[in-house]
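Participant: Residues or ranges marked as domain 'Major facilitator superfamily (MFS) profile' by TrEMBL: 55-456. Under the heading transmembrane segment, TrEMBL lists 57-81, 93-115, 127-151, 182-208, 228-249, 298-319, 339-358, 370-388, 394-421.
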Amino acid sequence: MEEQYHDGLRQHEAAAESSVPLLEKKAGGVLYVEGCPGCAIDRRKAENPGIPYSSFLYVWVITLSTALPISSLFPYLYFMIRDLHVAKRTEDIGFYAGFVGASFMFGRFLTATIWGIAADRIGRKPVILFSVFSVVVFNTLFGLSVTYWMAIATRFLMGALNGLLGPIKAYSIEVCRPEHEALALSLVSTSWAIGLIIGPALGGYLALPAEKYPNIFSPDSLFGRFPYFLPCLCTSVFAAVVLTGCLWMPETLHKHKASENGKQSVDALEAHLIDPQEKVEESDSVDTKKSLFKNWPLMSSIIVYCIFSYHDMAYTEVFSLWAESDKKYGGLGLWSQDVGQTLGITGGSLLVYQMFIYPRINKVLGPIKCCQIAAALCIPILFTYPYMTYLSGAALSIILTIASVLKNNISATIITSIFILQNNAVSQDQRGAANGLAMTAMSLFKAVAPAGAGIV
């Protein structure tokens with residue numbers, strides 16, 4: 001009789017499980033769906049409270065592979081426009097260079113929200129893989145540009161088909177517990193910022209190789225006939241290696257239809273992971289049913305993000321042009337190698353600051369105060385730049401490097417803090433679309449910034 005009772009009980013449990021297939025109940029009322037990659041990540045986070053170093057490595061190298069091609073052209077763009085013979089006067093080079101720099105951001109402006117929605121529908125991984133693949137193809141073609149319009153077209157397509165930055169931000173906080181979110185988003189902004197620094201350094205050292213390194217590259221070689229292909233090839237090869245490694249990266253999006261019980265299981269998991277104080281703050285900021293445009297914490301952070309992105313992109317565009325322009329035009333008269341060295345040192349400082357210093361500052365001040373203080377400090381630093389034209393030699397190099405280090409670390413502080421605010425303002429099912437919306441708005445401002453700064 002007892003055996004019949006247990007057999008009946010097992011049959012009843014099997015029938016109950018068949019009504020909610022493949023669910024496994026865990027502590028705290030959390031339900032995981034077998035075969036769902038998002039649930040697998042959630043289970044791993046619940047069982048392993050430490051930092052997910054392997055997942056963070058994916059975030060780091062993927063972001064870096066996309067950031068490098070965006071900025072690597074700035075040190076040699078002046079000379080590239082000159083060699084394409086599109087500018088009739090030397091003073092017009094900055095005008096034409098601005099549109100080449102803006103074409104990438106304009107392409108991203110048109111498609112960023114679409115890529116964000118796609119990341120919420122089909123997953124983060126497919127969008128990331130396709131984005132890195134587009135970098136490999138169109139960055140290589142840009143280095144082989146023989147006309148001005150080919151350069152604009154390849155940069156535009158690389159921006160339009162690259163929807164990476166929004167999904168990678170969502171991915172970075174989905175692979176870790178809430179207490180590691182500041183570090184996760186610091187990795188994104190640090191890798192991005194270092195890419196925007198090391199990229200120009202690579203461009204400065206590797207462009208025009210037949211002129212700089214005649215013992216290695218002859219004028220009749222491939223790199224002699226295409227003097228700006230070598231830096232593009234190096235960054236494309238790095239992106240190809242990253243693309244291969246990404247085939248094994250885990251997906252984080254939940255791939256099952258969330259019933260009411262499933263929704264409660266996700267909420268239970270988040271409640272299990274988040275500290276009580278953080279629960280209160282998140283309950284005020286996250287409403288899964290709220291329209292993104294009615295989500296004021298999200299929209300206010302996007303507004304600040306757009307304004308500062310305009311400023312930062314204009315600075316990046318102008319810095320190299322200003323440093324390499326002749327002193328009679330108000331520039332510093334430096335070679336591209338000198339600019340590359342300054343930016344390389346800046347990139348090293350960013351790595352140290354974002355990995356070891358910023359997370360501690362954010363823990364004490366919070367993201368909002370970090371933004372406010374960093375923005376206030378940025379103003380006096382920028383006021384020192386015009387007076388550098390009176391310096392020369394070692395004094396100029398030292399002062400320029402110090403100013404560049406301070407300015408870029410302050411920028412990284414603001415960007416990382418905004419990332420935290422944006423991603424905490426929405427739930428996972430809206431995170432890709434929210435980041436895509438932020439990328440769309442930001443890309444419009446960044447598209448206008450290079451052209452406007454170049455004209456000025």
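Every residue, even glycine, has its Cβ placed from backbone N, Cα and C.
Automatic, uncurated: that is what TrEMBL annotation is.
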Participant: When each of 57-81, 93-115, 228-249, 370-388, 394-421 is checked against the transmembrane segment (182-208) for Cβ pairs under 8 Å, which one has the most?
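Facilitator: The listed stretch sharing the most Cβ pairs with the transmembrane segment (182-208) is 57-81.
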Participant: Residues of the same chain, at least six outside the transmembrane segment (394-421), with any C-beta under 8 angstroms of its C-beta?
Facilitator: 169, 181-182, 185-186, 188-190, 192-193, 197, 297, 301, 304-305, 308, 312, 315, 319, 323, 332, 338, 341-343, 345-346, 349-350, 353-354, 358, 361-362, 367-368, 370-371, 374-375, 377-378, 381-382, 384-385, 388
Participant: Could you give the mean pLDDT over the domain 'Major facilitator superfamily (MFS) profile' (55-456), rounded to a whole number?
Facilitator: 84
Participant: Please determine whether the transmembrane segment (127-151) and the transmembrane segment (298-319) are in contact (criterion: at least three Cβ-Cβ distances under 8 Å, sequence separation 6 or more).
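Facilitator: By the criterion, they do not touch.
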Participant: Out of 228-249, 298-319, 339-358, which stretch has the largest tally of CB pairs under 8 angstroms to the transmembrane segment (57-81)?
Facilitator: 228-249
Participant: State, in range form, which of 93-115, 228-249, 339-358 has the highest count of Cβ pairs under 8 Å to the transmembrane segment (298-319).
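Facilitator: Answer, by Cβ pair count: 93-115.
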Participant: In terms of Cβ proximity under 8 Å, which residues at least six beyond the ends of the transmembrane segment (93-115) contact it?
Facilitator: 70, 73-74, 77-78, 80-82, 86-87, 127, 131, 148, 151-153, 155-167, 313, 317, 321, 433, 436-437, 439-440, 443-444, 446-455
Participant: Using a Cβ cut-off under 8 Å, which residues of the same chain at least 6 positions beyond either end of the transmembrane segment (339-358) come close to it?
Facilitator: 75, 182, 186-187, 189-190, 193-194, 197-198, 200-205, 319-320, 323-324, 370, 397, 400-401, 404-405, 408-409, 412-413, 416
